[in-house]
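Visitor: Got a structure for you, written out below as structure tokens; questions coming shortly.
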2 protein chains.
Amino acid sequence: MAEAGRGPGSPRGNGGPTVGALGEAGVLARILPRLAGAPALLGPGDDAALVAAPDGCFAITVDTLVQDQDFRLEWASGHPASGFDVGWKAAAQNLSDVNAMGAVATSAVISLTLPAATPVSWVEDFADGFAAAVRGLGAHRCAVAGGDLGRGREISATTAVTGDLEGRAPVLRSGARPGDAVAVCGRLGAAAAGLALLESSVALDGPDLPDGLDLPDGPDLPVGPDAALRELVRAQCRPHPPLDAGPRAAAAGATAMMDLSDGLARDVPRLARASGVDVELDPAALETAARRLAPAAEALGADPLEWVVTGGEDFGLLACFDAAATVPDGFAVIGSCVAGTGTLRLGGRPVLEAGWDHFEES
Amino acid sequence: MAEAGRGPGSPRGNGGPTVGALGEAGVLARILPRLAGAPALLGPGDDAALVAAPDGCFAITVDTLVQDQDFRLEWASGHPASGFDVGWKAAAQNLSDVNAMGAVATSAVISLTLPAATPVSWVEDFADGFAAAVRGLGAHRCAVAGGDLGRGREISATTAVTGDLEGRAPVLRSGARPGDAVAVCGRLGAAAAGLALLESSVALDGPDLPDGLDLPDGPDLPVGPDAALRELVRAQCRPHPPLDAGPRAAAAGATAMMDLSDGLARDVPRLARASGVDVELDPAALETAARRLAPAAEALGADPLEWVVTGGEDFGLLACFDAAATVPDGFAVIGSCVAGTGTLRLGGRPVLEAGWDHFEES
């Protein structure tokens, strides 16, 4: 996501108290009940939480979302962005990393850095969004086990999530072999198309649809009467990593796996280099994905294939399977591994490694 | 620590590259070798790391250090502050939380948010300090298992640490009973005295002492010829949580325990409320601690007892033991629990709950 290029601000308040007025203990008292879900062996309130690891080991990952880098307080188009969506994404992207190992999430700890002027309502929305994602994405074993609150000049949210492999071997990025099928589970380019819509002048305001698309995930999104566009905005604001698919792919013998957080063009070469193979993607398979983005591409005059190839934040799974294996339900084959050293080719031509680098100027 | 009240800046460079110039992969390549220590089952480089949990459960904690809130790039006195010290403290304060449960640290994951203009040398120093703390504090089983790099307007470092109880029951804050002895392991007020020195106009520059006090923890600290002052500055910059003492206290039957991160006046009432007791502290015991701070108190014209009672960031242990139990080596009894509901008294008089609140204006 491009840097917004303006000074750090605070979310709009609703007239309620700020975190500075309520203090650390007061804010915690407001948000901890909202985050309650699956119980940990010992939850928030002591120096550390305790989480079960019946497998004798656990997976662990950490990621940070920073204001104006990874999320906005207001979209470039002027649409308000909600704390709910930031909380949802904080949960989703970390649950996705555990999923990509073939593990089931068991706990999350959250560290929130907030300007004192942040409305408490924004933080409550964040907690609601986080909890809704844990519940809505099916992470039923994942306890919000603890956290930390501190002050800074900009909002940032760091989440660490742990996972249980349930006796399975972890699926690494490095196990793909020449001849393996390359498959994906989840949308390609949908979150990028949604981002483009949110940053565009396309009219997204309008009467809410009575279709329940936004239920039970939280407040309505700022999208007008077009259900196809609404779905893409939703993919950006509330991504749905397929949390059942990671363990299923592991059980089905996936040779390598990772989640698609930065886009095919950047993520596939990472898996290819780790495995020591080249990957050939099938243009026809990507065209199929691009056709699903046609409504947004038409509205914006954009090339949907660009979103499919370079778009990040879909949090689907990229997995490789032995050619003799049955690719599990929900995965679509989009290419294959060949002998090589990490090059991604599309229709025989090398793909420039484009995508999201946190320190690249945009 | 008080907010510095100036705009966010970047650490001084040494003419080397910035993180923006080197990019995410380049920075990772520089710092991962510096963080190598105990091996995880699977270390950095995949979607998640894997850590052993032979006990069938694990402790987990998370904390964030934010520029100008929790650390400075330059002390108010003008002395430069180093990335090494920030890395040391990031490790120490999280290792301390696991210690306070009676657990032994098994892994750390680190998420660093950095302005693009941050010199890579600052990040290398941070990694060196983090690794030195893990090694120097004796966390020999703690693997730096993974992390995340991202961009923001100010530097912040979030660390999650996991721990192994090795079959012991966790020691909670809530187990103290009337009649229990209240003991501490570690310094009281030393970090606060060191902070006051660093923010004062007391001359701290001078010839380095050939006493090896700063070895093997890293570069020399900005302290002059007075070894007593140097020791206090060191307590602020490179705190030493007593990592052997948490498991020993647990094995000795501690009824309640927590680490002293925010100072006696704030932390003791937390334990007291969780346990449903009052705590009476012995003025004579605290006077003994205050006498150790005399050199700084004299240099600054300050009251050393104030540092002992309200000073945070020492990361010692506060633990309670049954009156019939033997208090383990290294712990000094400073008071006792009596029937009550969470009040801290010193010499019979209630102590105002003063100390560090992240959202309090200072």
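Glycine is no exception: its Cβ is also placed from the backbone N, Cα and C atoms.
Reproduced below are the annotations present in TrEMBL:
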type	residues	note
BINDING	B:D47, B:T61, B:D97	Mg(2+) 4 binding site
BINDING	B:D47, B:D97, B:D259	Mg(2+) 3 binding site
BINDING	B:D262	Mg(2+) 5 binding site
DOMAIN	B:45-163	domain 'PurM-like N-terminal'
DOMAIN	B:178-319	domain 'PurM-like C-terminal'
Visitor: Nearest of the binding-site residues to B:D259 (Mg(2+) 3 binding site) by CA-CA distance, picking from B:D47, B:T61, B:D97?
Guide: B:D97
Visitor: Counting each residue once, how many in the domain 'PurM-like N-terminal' (B:45-163) are helix, strand and coil under DSSP?
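Guide: Residue counts in helix, strand and coil order: 34 helix, 48 strand, 37 coil.
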Visitor: Please count the residues of the domain 'PurM-like C-terminal' (B:178-319) that DSSP assigns to helix (H, G, I), strand (E, B) and coil.
Guide: 62 helix, 19 strand, 61 coil
Visitor: Roughly how many Å separate the Cα of B:D97 (Mg(2+) 4 binding site) from that of the residue listed as 'Mg(2+) 5 binding site', to the nearest whole number?
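Guide: Rounded to a whole number, the Cα-Cα distance is 12 Å.
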Visitor: Give me the CA-CA distance between B:T61 (Mg(2+) 4 binding site) and B:D262 (Mg(2+) 5 binding site), in Å, as a whole number.
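Guide: Pair distance, Cα basis, whole Å: 16 Å.
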Visitor: Of these binding-site residues, B:D47, B:D259, B:D262, which are close to chain A by the rule of a Cβ under 8 Å away?
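Guide: Near chain A: B:D47, B:D259.
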Visitor: For B:D47 (Mg(2+) 4 binding site), which residues in the same chain are close in space, meaning a Cβ under 8 Å from its Cβ, but six or more apart along the sequence?
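Guide: For B:D47 (Mg(2+) 4 binding site), no residue qualifies.
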Visitor: Take every residue in the domain 'PurM-like C-terminal' (B:178-319), average their pLDDT values, and give the whole-number result.
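Guide: It averages 87.
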Visitor: Determine the minimum-neighbour residue: among B:D97, B:D259, B:D262, listed as binding-site residues, which Cβ has the fewest other Cβ atoms within 10 angstroms?
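Guide: If we count Cβ atoms within 10 Å for the binding-site residues B:D97, B:D259, B:D262, the smallest count is at B:D262.
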Visitor: Counting every protein chain present, what is the number of Cβ atoms, excluding its own, within 10 Å of the Cβ of B:T61 (Mg(2+) 4 binding site)?
Guide: 31
